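Student: Starting off with a structure, shown below.
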Amino acid sequence: MDLSFLRAHDAVRDTAPLIQCLTNKVVSNISANALLAIGASPAMVDTPDESQDFAKIASGVLINCGTPNSEQYAGMREAIAGATAAGNPWVLDPVGAGGLEKRTEFMHEVLPQGPTAIRGNASEIIALAGTGAGGRGVESTDGVEAALEPALKLSRETGAVIGVSGPTDLIVQAGERPRAVSLESGHPMLQNVIGTGCSLGAICAAYLAAWEDPFAAIIAAHAHVGAAGSVAAETSTAPGSFAVAWLDALHELTTDAIEERISASEVADVAELS
Amino acid sequence: MDLSFLRAHDAVRDTAPLIQCLTNKVVSNISANALLAIGASPAMVDTPDESQDFAKIASGVLINCGTPNSEQYAGMREAIAGATAAGNPWVLDPVGAGGLEKRTEFMHEVLPQGPTAIRGNASEIIALAGTGAGGRGVESTDGVEAALEPALKLSRETGAVIGVSGPTDLIVQAGERPRAVSLESGHPMLQNVIGTGCSLGAICAAYLAAWEDPFAAIIAAHAHVGAAGSVAAETSTAPGSFAVAWLDALHELTTDAIEERISASEVADVAELS
Amino acid sequence: MDLSFLRAHDAVRDTAPLIQCLTNKVVSNISANALLAIGASPAMVDTPDESQDFAKIASGVLINCGTPNSEQYAGMREAIAGATAAGNPWVLDPVGAGGLEKRTEFMHEVLPQGPTAIRGNASEIIALAGTGAGGRGVESTDGVEAALEPALKLSRETGAVIGVSGPTDLIVQAGERPRAVSLESGHPMLQNVIGTGCSLGAICAAYLAAWEDPFAAIIAAHAHVGAAGSVAAETSTAPGSFAVAWLDALHELTTDAIEERISASEVADVAELS
């Protein structure tokens, strides 16, 4: 397929989008560093007092439900209201959907407000679509291919582009002409570093802010993160040094180098499923 | 002494225990990475709404009092209730015991619920046993050897295995046949990286989940963390690169390599003290 | 100018000041590691219950408004009260001043209590002095030179030494004989690692605790952090490895090496401005 949309990477570098992250405390540091590494500007503003106003001036917003306390839930509601009011893109990362009841309720509460994209692992997407039970906590116990139909359903119901992360990534968009792209990139070691997936959620928001077509933006974001993983795996076989090399690669990769390191193909039978 | 229990390391790798961490925000990232590095699966679920249910399905739970706010205290109570109800092991890491009043009260509140293990530095263990004043904040100002009697007292009162971390580690268990093992491992540079001790608390929970004998599990957890420190010290003399190398070594060490890097001996006069 | 005050670095190593950080969750880990790396002792005690008592025994306190929730605001008030009562130095890091309303109100509330130093980027200092609008979230959109007059005004009103971080740092103190020093150190890559500026705020508190002259202490703190950045840039061109090398350099730099890597000069016309 035509991969010219990978130039979204250059658009992120050129525009330095300001990305507001309401994310979990475990990954806030690596997520902010990942945003800086790709040329975006992170702001981890997540309190109820400040989130709505900030979401109106931010280029994009990430809502990540990894460790939500009551104030952060309130902040998330405010941020979504602000982003929606200003027409800014926002990404939902449904960490732990299905397995954890309270946060799953919250996700269902905000889904009707129309996230621009939803990025999760297969178990989370399946659970959010109401077609499965969710993973073991925050782990995926389902294969990516099992998430195709649920992702289409979720996209149809919310209007969001759905990114399903896994050994192979799946990016899905319903609509008049439903589409699904299967993306080969990355490296298994990415699963051994906490926060690479959550950082991908933040990076999706940056790509959405910098590129007009949301479907292409989400593919390009996954491609960038995955390609950086394959670079890191060339020099690092253990998670401490892999994490360092992955951040370095996020910063150093050119668009051409990303393209060389990934392969993407349209899933043929999407229209039939839809 | 017979070190065959170090095979608990393989049991962790084989069973990938799901470890719920209610821990402080300073170390949540490195603790999650340390759990991934040893082959366990971290889940940092710590809100009151979700903690009890999750503790029932988790393989083990860590309660670390490093930066407890009111919601996390509530979450900790729920998690302990869940772990207790399900018979799952839980570890108390009494960060700052003695020197900090409110959290020390909390620790005394939950001690009667019987943690499977308590892991701290000498000052914290001595303070928790009611036999000393605690350290300077979160630092230990007492030597490990001074903690032997307090650790025995604390073990007798709570039923927990006590792990006292320091230049030499001390693992203590009261009961009909009281035992104490002195463990030589590690490297002083471990003190210069924030969160290595807190990560050890999380790793203790993983070992308890994977190995039947709690006393052996706690020794093996300390051995793994210390051995990784001695590996890291071979290539790194400064804390940034040491932290990276330590995570790498946690991941790469074999059980045999751990055994080669540590020495453990029974403390002879425990029975007399007890 | 005479740089003998850079020996403040040795004073930090010799006295290992205990620094209480009430800081944002994004940078708490790197800030604690940075304090350990320079030989100080971090304690991230920030709850309302514990902050006042701890601030009385701490050597210095950092108040960083990066991600303040309601409990942390309360904890900050308590910590400032404790530090003030005990006569301990405290540093205000006004993250996001101007651009974010609620926290800016909080900063204005505590300014009359007399921070020993205020460290921020140019936009934050200008906004806090009431002479500008603040940056884009937590980024500086103003040049350091534009902050000279606002910094003098802020110092005059609060009694604090003002540290303005940027490509060139500016350290300012009003009073009978107003002073301003322009400091060349550091490397642009420091902007690509989250938390280097926030860590500098914590390091300022450590230097204030170890050195009698606050103006010199703040210059020396900036010099140490900047010099470590220039060391890191010699081996690292990407942010992941740069962050690791920066922490290593904070730990390894000698006072002489810091002096060789920086240049400082008095700003000539400060008295006229004042």
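Note: Cβ is positioned from N, Cα and C throughout, glycine not excepted.
Okay, these came from TrEMBL:
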- C:M44, C:G195: substrate binding site (BINDING)
- C:R119, C:S165: ATP binding site (BINDING)
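Help me picture these features in the structure, burial and contacts included.
Tutor: Within 10 Å of the C-beta of C:G195 (substrate binding site) there are 24 other C-beta atoms, taking all protein chains into account. In the three-state DSSP scheme, C:G195 (substrate binding site) is classed as coil.
In the three-state DSSP scheme, C:R119 (ATP binding site) is classed as strand.
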Student: If you measure Cβ to Cβ, which of the binding-site residues C:M44, C:R119, C:G195 are under 8 Å from chain A?
Tutor: C:G195
Student: Return the residues near C:M44 (substrate binding site), defined as same-chain residues 6+ apart in sequence whose C-beta is under 8 angstroms from its C-beta, sorted by sequence, else 'none'.
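Tutor: Set apart from C:M44 (substrate binding site) by at least 6 residues yet with Cβ under 8 Å, we have C:Q20, C:C21, C:L22, C:T23, C:S28, C:A32.
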Student: Going through the binding-site residues C:M44, C:R119, C:S165, C:G195 in order, which have a C-beta under 8 angstroms from some C-beta of chain B?
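Tutor: Correct list, in sequence order: C:M44.
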Student: Can you give me the same-chain residues 6 or more apart in sequence from C:S165 (ATP binding site) with a CB-CB distance under 8 Å?
Tutor: C:R119, C:G120, C:N121, C:V144, C:G197, C:L200, C:H222
Student: What is the number of other Cβ atoms found within 10 Å of the Cβ of C:R119 (ATP binding site)?
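Tutor: If we count other Cβ atoms within 10 Å of C:R119 (ATP binding site), we arrive at 32.
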